[in-house]
Structures are given as structure tokens and as C-alpha cells.
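K.L.:
Here it is, the structure in full.
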Amino acid sequence: MSNRIKKVVLAYSGGLDTSVILKWLIATYNCEVIAVTADLGQNENFHDIEEKAIVTGASKAYVVDLRNEFAKNFIFPMLRASAIYEGRYLLGTAIARPLITKLLIDIARAEEADAIAHGATGKGNDQVRFELAAAALAPDIHVIAPWREWDLISRTALTTFAEKHNIPISTSHKRYSKDQNMLHCSIEGSELENPWEEPHIESYTMTVPIEHTPDSPEYITIDFEKGDPIAINGQQMIPADIMFTLNDIAGRHGIGRIDMVESRFLGIKSRGVYETPGGTIIHIAHQDLEGITLDHMTLLTRNQLIPSYADAIYNGFWFSPEREAIQAFMDKAQERVTGTVKLKLYKGMAYPIGRKSSNSLYSSQLATFEEDTSYNHNDATGFIKLKSLRIRGYQKS
């Protein structure tokens with residue numbers, strides 16, 4: 001295999017793992033390596049990352065701004081579908097992997113590369129996500145997964161390799177391993193490997209501790225068009241700016257923290273500590289607007305499809321017929337979800353306190369408990385009698 005592979009496109013973060021992988025690929029496969037970094041809104045110094053890739057041995061280093069594409073074509077479709085994994089996780093890491101893989105494939109095609117490579121470990125979900133996406137997009141391109149090939153199985157071994165090959169590494173010890181983009185930040189390591197231990201205050205990046213949040217609530221409005229957020233407090237923005245603005249607003253109120261034990265696709269239980277400030281507000285506001293614009297059966301069908309849709313994303317099947325079919329239903333249902341939601345933000349919570357829509361199904365005349373002329377109470381008698389036919393006598397003693 002190594003004789004056949006001459007050029008590899010590597011998903012590169014600039015950290016210890018992918019820097020070691022870059023040098024390892026050159027040494028093991030005697031190949032050219034092109035480093036690719038996707039800007040998905042993470043707080044990184046991309047100039048330094050690009051420079052480090054070249055110093056470490058990459059023939060080229062790409063840094064590609066995918067922020068608006070990520071928000072518009074990946075985050076927003078997922079939020080339109082109200083996707084949530086195991087009832088809690090808003091899929092911030094999982095949704096980024098298909099876009100990163102697509103970028104790797106596009107550059108591999110342009111550079112006539114033989115393979116792509118990633119730095120996902122052999123225990124996690126990301127290896128599956130990268131490789132399933134690659135299989136769907138470019139089954140002819142080989143995927144190299146160094147963590148499943150090499151014998152560098154510890155942080156000490158990686159550091160020793162880096163020092164031996166003069167790879168620049170940070171001397172400061174990082175307590176946590178973090179993966180961040182414009183939708184969320186995931187935190188792993190240290191005391192978090194014990195599911196009983198509370199996360200340390202320094203583990204969080206995007207949200208303020210509840211103890212330090214404002215003592216007065218903040219009120220905001222979010223405008224939606226066909227299920228997508230388009231404006232905050234009446235100001236229209238592009239999708240990426242919607243995410244950044246809501247992250248700032250929600251983050252200062254400590255909104256969007258999740259601490260859970262989840263089921264990995266490989267069958268392993270793992271602890272997930274996540275921050276999803278802006279995404280949490282959108283998720284809450286969007287579902288609230290659906291309540292006034294969608295009928296019961298559409299909502300029921302949507303709710304039945306959410307677990308399958310979320311599983312598809314979590315397990316790496318973004319580019320799959322089932323995900324696309326469910327997306328088609330979700331997007332059809334969202335044609336009515338246009339309007340405005342008013343929220344009260346306070347001490348880690350986002351409360352919808354008002355909603356309006358030109359497609360509203362709410363009728364104050366029908367809903368009122370006061371006297372009205374549009375509803376005949378006697379009509380309920382026949383309705384109840386018909387609905388009782390199926391269960392009449394079911395519990396008869």
C-alpha cells in the first residue's frame with residue numbers, strides 16, 4: 001500500500017496528534033503530505049497553524065474558511081429537523097465531520113492525491129464519521145487512519161516522537177482535550193473520565209458559570225424563515241453571524257451546558273461535556289415557533305423521525321439516502337415555520353415568552369374561555385362518543 005500512495009491530504013489541526021501524524025506519514029509512506037485546516041469558527045490562530053504545518057514537513061498548507069457554509073448547509077438543516085441525540089446532545093462535533101471530509105476530498109481531487117488521512121482514534125466515533133463520509137463521496141480514495149496502524153499509543157510516546165523529529169510542541173500542559181467550532185465545544189479528559197466528578201470551572205470555554213451570570217434577565221427576539229433563523233432583535237444577519245451573535249448572548253447567561261453519558265456508535269459508553277450556547281437558544285425558539293405554525297400530526301411525525309435523523313448524523317451517515325429522505329420531509333414541514341419568538345434569558349435558561357407568525361394556527365376566538373359564537377360546545381358530545389367506540393368496555397369488570 002505504501003508503494004502506491006504518493007500524496008496524502010491530511011486533516012490538520014496543528015496540535016500534537018496531527019503534527020506527529022504529518023511527520024509519521026512522510027516517514028512511513030515516503031509520500032508528500034498536504035495539510036488542510038477547516039475554519040469552522042473555532043478560536044484558533046490559523047496563521048500559526050499553517051506555518052507549523054510547513055515547518056513540520058507539509059508540501060502545502062490550506063486554511064479554508066467554511067464558516068458560512070457550515071452554518072447554512074449543515075447546522076441549519078440539522079436545527080430545522082430539531083435533531084438531538086439521546087434526548088440531550090445537539091451534535092456539535094458530529095455535524096462538522098462530513099463537511100471536513102468533503103473539504104479533504106475536494107482538495108484531494110484538485111491535487112490528484114491518492115489518499116486522505118485523519119487523526120481520529122480507534123475508540124471514538126470520529127473515525128467512523130470521517131470514513132463513512134469518504135466512502136459516500138469518493139470510494140476510490142484511500143483513507144489512512146494512523147491511530148489504527150502505529151504503535152504510538154500514549155501521550156508520552158507522541159511527545160517522544162515529536163521531540164525526536166524536531167516537531168514544535170507546546171510546553172504547557174493542557175488539562176482537557178477540546179474540540180470547538182461555531183456550534184459548540186466538547187471537553188474531554190482529566191476528572192471528566194470519572195462520571196461522578198463535577199467538571200472544573202476552567203473546563204468551559206463558551207459559557208459563563210451560573211454564579212457569574214447577570215442578575216437581571218435579558219430579552220431577545222429571533223426571526224425565522226422556513227425554519228431558519230434570519231434575524232436577532234430585528235437585525236438580519238448571514239448564518240455564520242447568527243451563530244456567533246447568539247453564542248455571545250447565550251454564553252454570558254451560562255446557557256447551553258450539557259453533562260451526560262452517551263452511547264458511542266462502537267458500543268462504548270462515554271461522558272460528554274458540551275457547550276452549545278447559540279444552538280440551544282435556536283433549538284428552543286424554533287420548537288416554540290413550530291407549536292404555533294404546525295398541526296399536531298405533522299409535529300407527531302416529525303418527533304417520530306428525530307431519533308433516526310439524529311442517529312444518522314451521530315453515527316456518520318450524513319451522506320446517506322435515509323438522512324436525505326428525512327431531511328426532505330423536515331424541510332417540507334418547515335415551509336410554514338416563519339415568524340418571531342421572544343425569549344427571556346436568565347441564569348442558564350432560555351424561556352420562550354412570546355411568539356407570532358403570519359402562518360399561525362392559533363385562534364383566540366376558538367381558544368378563549370370567555371363567551372364566543374364560533375364554537376358550539378354541544379359539538380363535543382358526538383366527537384367524544386365516536387372517539388370512545390374503540391375503548392368502550394375495554395376495562396369492564
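Just so you know, glycine gets a Cβ as well, placed from its N, Cα and C.
Pulled these features from Swiss-Prot for this protein:
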type: BINDING; residues: A11, Y12, S13, G14, G15, L16, D17, T18, S19, A38, G119; note: ATP binding site
type: BINDING; residues: Y89, N125, R129, S177, S186, E262, Y274; note: L-citrulline binding site
type: BINDING; residues: T121, N125, D126; note: L-aspartate binding site
K.L.:
Out of G15, G119, which of the binding-site residues has the smallest number of neighbouring Cβ atoms within 10 Å?
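P.N.:
Fewest other Cβ atoms within 10 Å, among the binding-site residues G15, G119, is found for G15.
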K.L.:
Counting across all protein chains shown, how many other Cβ atoms sit within 10 Å of the Cβ of S177 (L-citrulline binding site)?
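P.N.:
So the number of other Cβ atoms within 10 Å of S177 (L-citrulline binding site) is 13.
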K.L.:
Can you tell me which of the binding-site residues A11, G15, D17, S19, G119 is spatially closest to N125 (L-citrulline binding site)? Compare CA atoms only.
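P.N.:
The smallest Cα gap between N125 (L-citrulline binding site) and any of the binding-site residues is with G119.
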K.L.:
For S177 (L-citrulline binding site), name the DSSP secondary structure in the helix/strand/coil scheme.
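P.N.:
Reduced to three states, the DSSP call for S177 (L-citrulline binding site) is strand.
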K.L.:
Nearest of the binding-site residues to G15 (ATP binding site) by CA-CA distance, picking from Y89, R129, S186, E262?
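P.N.:
Nearest candidate: S186.
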K.L.:
Which site among S13, S19, T121, N125, S186 has the most other CB atoms no more than 10 Å from its CB, taking these as binding-site residues?
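P.N.:
Neighbour-count leader: S19.
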K.L.:
Enter the number of other CB atoms within 10 angstroms of the CB of A11 (ATP binding site).
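P.N.:
The answer is 22.
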K.L.:
I need the nearest neighbour of D126 (L-aspartate binding site) among the binding-site residues A11, D17, S19, Y89, using C-alpha distances.
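P.N.:
Going through A11, D17, S19, Y89 one by one, the Cα closest to that of D126 (L-aspartate binding site) is A11.
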K.L.:
Between C-alpha atoms, which of these binding-site residues comes nearest to S13 (ATP binding site): Y89, T121, R129, E262?
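P.N.:
Answer for the nearest of the binding-site residues: T121.
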K.L.:
Within 10 Å of each Cβ, count the other Cβ atoms, then let me know which of the binding-site residues D17, D126, E262 comes out lowest.
P.N.:
E262
K.L.:
Look up D126 (L-aspartate binding site) in the DSSP assignment and report helix, strand or coil.
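P.N.:
The residue in question, D126 (L-aspartate binding site), is helix (DSSP, three-state).
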K.L.:
Please list, in sequence order, the residues in the chain of Y89 (L-citrulline binding site) that are at least six apart in sequence and whose C-beta is under 8 Å away from its C-beta.
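P.N.:
Same-chain residues close to Y89 (L-citrulline binding site) (Cβ under 8 Å, separated by 6 or more) are I258, M260, E262, G272, Y274, Y314.
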K.L.:
In whole Å, how far does the CA atom of T121 (L-aspartate binding site) lie from that of A11 (ATP binding site)?
P.N.:
13
K.L.:
Taking only the binding-site residues R129, S177, S186, which one has a CA atom nearest to the CA atom of A11 (ATP binding site)?
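P.N.:
Nearest by Cα distance to A11 (ATP binding site): R129.
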